[in-house]
Amino acid sequence: MATCPRGCAPAVRLCQRLNRLKTLDGDMMATSLKRCLSTLDLTLMGVGGMVGSGLYVLTGTVAKDKAGPAVIVSFIFAGFASLLAAFCYAEFGARIPKTGSAYMFTYVSVGEVWAFLIGWNVILENMIGGAAVARAWSGYLDSIFNHAIQNFTETHIMQWNVPFLAHYPDLLAAGILIVASAFISFGVQVSSYLNHIFSTVSMCVIAFILVFGFMLADPTNWSQEQGGFAPYGLSGILAGSATCFYAFVGFDVIASSSEEAKNPQKAVPIATAISLGLAATAYILVSTVLTLMVPWRTLDPNSALADAFFRRGYSWAGIIVAVGSICAMNTVLLCNLFSLPRIVYAMAEDGLFFSIFARVNPLTKVPVNAILVFGVLMATLALIFDLEALVQFLSIGTLLAYTFVAASVIVLRFQPEKTNSKSTTSSSPNPNAELSPPPAESQTTAEDSEELKQYESFSDKLQLVERQKTGERHGVGQLKACWEPYLDRLLGDCEPGEVVAFSVMTLIVSAVSLCAVLEFGNDPLQLPVWSFSMLLVIFSLAFIFSLALIWIHEPQTNAKTFQVPFVPLTPGASILLNVFLMMKLTLLTWIRFTVWIAIGLLVYFGYGIWHSKEGLRDLQPKDMAARYVVLPSGSLVETVQNVQPDGQVVTSAHCIGSSTTPTAEESAEKR
C-alpha cells in the first residue's frame, strides 16, 4: 500500500480537519430551544417567507418587461424548479431536525469548511434581504403619505451624496427592524403569533384581489391586438422564470425552524409542500387577474396591483391592497429575523462562530444575543446603505446553498448509517453494545482474504461480516446485485459511498462546465459551431454518466421520514438549474461574492477551525476502545483496550463464535 511522504502529512491533516463531518447525537429531538411549533405554524411561516412584496411588485415587473401575460407560465416553471430544492430541504429537515438549515445539512454530509462558507453566505443573504425588505416597507408607506417622511428627513435631519449610500438615513426602516427584533426576542411563540396575524391579513387581501379582480377581468387584454398571450416568446417566458424563481426562496425558514417543531418528521415535509403550493397558486392567480384587468403594456412596475384597481375606477381598493402589501412585507421581515439568528446560533453552538451567540435565554428559549446583535446590524444596513446595488447579491448565496443541499441529499442517501454514542462507560466488554467509532476509523482494512479485517463497531459491522462470509454484499453505497457481474472487478474494492461521493463531485463540475458553455459559448467567447457542439456533448455525457454511476449503487430505504423521490435525478436536476441561474449573474456580483468568501475564510481560519467542537472531540481521550477482528477461519475476536489514568493501556481479548480461536496478539504476529 502506498504511503504518504512525511512532508505532506501536515497537508493531509489539514484536509482532514477541513472536511470533518458533524457527529449527531443519538437523540435527535434533544435541544436547548423550545419545541412548540405545529404544522400550521410552520406552514404560515413558509407562506410568509414566500408571499411578500414580490406578489405586489414582481408580478407587474415580469409581466411588463419580460413575459407579458405568459408570466403565468413563468411562475409555473419557477414553482416547479423551486419544488426540486424544497424536496431536498424537506428531507433534511425531517431527518435532521436541527436548526441551521443549509449550514447544518452541509456539515453533516459534505464537510466543515464548506458548511461554514454556506452558513457565512446565508448570514449575509438574510441580512441584506431583511434590510432590503425594510427599505421597501418604508418606501411603500412613505408613498402612501406622498413622500412626506422622506422630505422631512432630508430637510430637518440630513442627506448625503455618497456612492453606495442612500440619499438620506432611512430611520423608519431601521426602526421597524429594531422593533421586530425586540418582539422576536420574546420567544418563538410571540414570533409565531405575529406571523399568524400578518399572514392571515395578507391572505384575506389576496382573496379580495382574486375575487374582485376576476369580476373586473377583460379577456381582450390577452388578445392579439394587445400583443397576445406570450409576446416575448419562449425566451421571454424562460427569462421571466429565472426572475420569478427568487419569489419562492423563503421556504427554507421551515427547515431553519425544525429544531423548534413539535413533530418535525411529519411537520416539515407537510408544511413545505403546503406552503409552496399555496405560494405558487397565489402568484399564478394574481398574475392572471392582473394581466386580465388592464393591458400588460400599461402596468406600473412599482405598484402594479394598486394602480390596476385605480385605473379601473376603484381607488378605495388600492388602500386594501396597500394594507395587504405592508402585512406581507412584515411576514418576510419576521422570517428573515427569525432565520438569521438561528443559523448564527447553530454555527456558534458548533464552535465555528463566536461563542457569545450560542447562549440561549433560559426564559424565552431563544438565542437573544444573536437576535439583538444581528437585528441591529440589519437595521444599520437599512439605515445608511442604498441596497439596490446589493440586492442581486442575494441570489448567489441562495443558489449556492440550494446546490450544496441537493448534493448533500445524494451523498447522504448512499452512505451507510452510522450509530453514535457519546461514551462507553462499562469496564467489561459487551458483545451487544453499540460502539461508535469516528468515521475515519470504522472502515474495513483488508488487502486480501488472508489478512485480518478490523472493525470498531460490533453492531454496525457484524452483519456486514456475515454477508461477506456468505458472498452477499449488497449494502448501502455498494453496487446493486444486477451490476456486480459487470462492474464488481472495477468498483467492488471501493468503500461504501466512495464512488457516489466522487460521482457527485463530477456531477457538479460537469454541470458548471455545461452551463458555462451554454451561457458564454456563443456571445462572449464566440466559439465555432463544431467546438460549441462538441463541448455541449462532452459535458452533457459527463453529467448523465455521473447520474448513472450514482444510480447503480444501493440507496438507503428509510421509510420513517420523508425522502426525496427519484434520487439522484431530482437533486441532480436541482443542481443543474441552480448552477445555470448562477451563471446568469453579473461579474460585479461574483466579485462581491469572492470578497465576502475571503472575509469568511479569515474568520474560519482565525477562529472557527481552532474552536470547532468536532476538532475538540477528536482530541478528547477515550476511556475504552474496542476492535472486532475477523480471523481467516471466520471467527470473530473482540479486543478491548482500557486506558488507565497513568497512560497505560490494558488489552484483553474475547473470542466470539469459536473456542479454538487464537488471541488478537497471536493473530497480529501471524500477520
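Heads up, the Cβ atoms here are built off N, Cα and C, so glycines get one too.
Listed in TrEMBL for this protein:
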TRANSMEM  37-58  transmembrane segment
TRANSMEM  70-90  transmembrane segment
TRANSMEM  102-123  transmembrane segment
TRANSMEM  171-190  transmembrane segment
TRANSMEM  197-217  transmembrane segment
TRANSMEM  267-294  transmembrane segment
TRANSMEM  314-338  transmembrane segment
TRANSMEM  366-385  transmembrane segment
TRANSMEM  391-412  transmembrane segment
REGION    419-449  region 'Disordered'
COMPBIAS  421-432  compositional bias 'Low complexity'
TRANSMEM  499-521  transmembrane segment
DOMAIN    562-612  domain 'Cationic amino acid transporter C-terminal'
TRANSMEM  564-583  transmembrane segment
TRANSMEM  589-610  transmembrane segment
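If one looks beyond the transmembrane segment (197-217) by at least 6 residues along the same chain, the residues whose Cβ comes under 8 Å of a Cβ in the stretch are 44, 47-48, 51, 55, 282, 285-286, 289-290, 292-293, 305, 308-309, 312, 314, 317, 320-321, 323-324, 327-328, 330-331, 334. In terms of DSSP helix, strand and coil, the domain 'Cationic amino acid transporter C-terminal' (562-612) has 40 helix, 0 strand, 11 coil. At the 8 Å Cβ threshold, with sequence separation of at least 6, the transmembrane segment (366-385) comes into contact with the transmembrane segment (171-190) through 3 or more pairs. Panel annotation: around the transmembrane segment (70-90), residues 59, 62-63, 101-102, 105, 229-232, 236-238, 240-245, 247-249, 251-252, 254-255, 268-269, 272-273, 276, 279-280, 283-284, 287-288, 291, 402, 405-406, 408-409, 562, 564-565, 570-571, 573-574, 577-578 of the same chain, lying at least six beyond its termini, place a Cβ under 8 Å from a Cβ of the stretch. Only residues 6 or more beyond the boundaries of the transmembrane segment (37-58), in the same chain, are considered here, and those with a CB under 8 A from a CB of the stretch are 133, 136-137, 140, 188, 192, 195-196, 198-199, 202-203, 206, 243-244, 246-254, 257, 260-263, 266-268, 270-272, 274-276, 278-279, 282-283, 286, 301-306, 321, 324-325, 328-329, 331-332, 334-335, 338. Residues belonging to the domain 'Cationic amino acid transporter C-terminal' (562-612) score a mean pLDDT of 91 in the model. For the transmembrane segment (171-190), the neighbouring stretch richest in Cβ pairs under 8 Å, chosen from 102-123, 267-294, 314-338, 499-521, is 314-338. Long-range contacts of the transmembrane segment (499-521) within the same chain, counting only residues at least 6 positions beyond its ends with a Cβ under 8 Å from a Cβ of the stretch, are 403, 407, 410-411, 414-415, 477, 491, 527, 532, 535-536, 539-540, 542-543, 545-547, 549-550, 553, 568, 572, 575-576, 579-580, 582-584.
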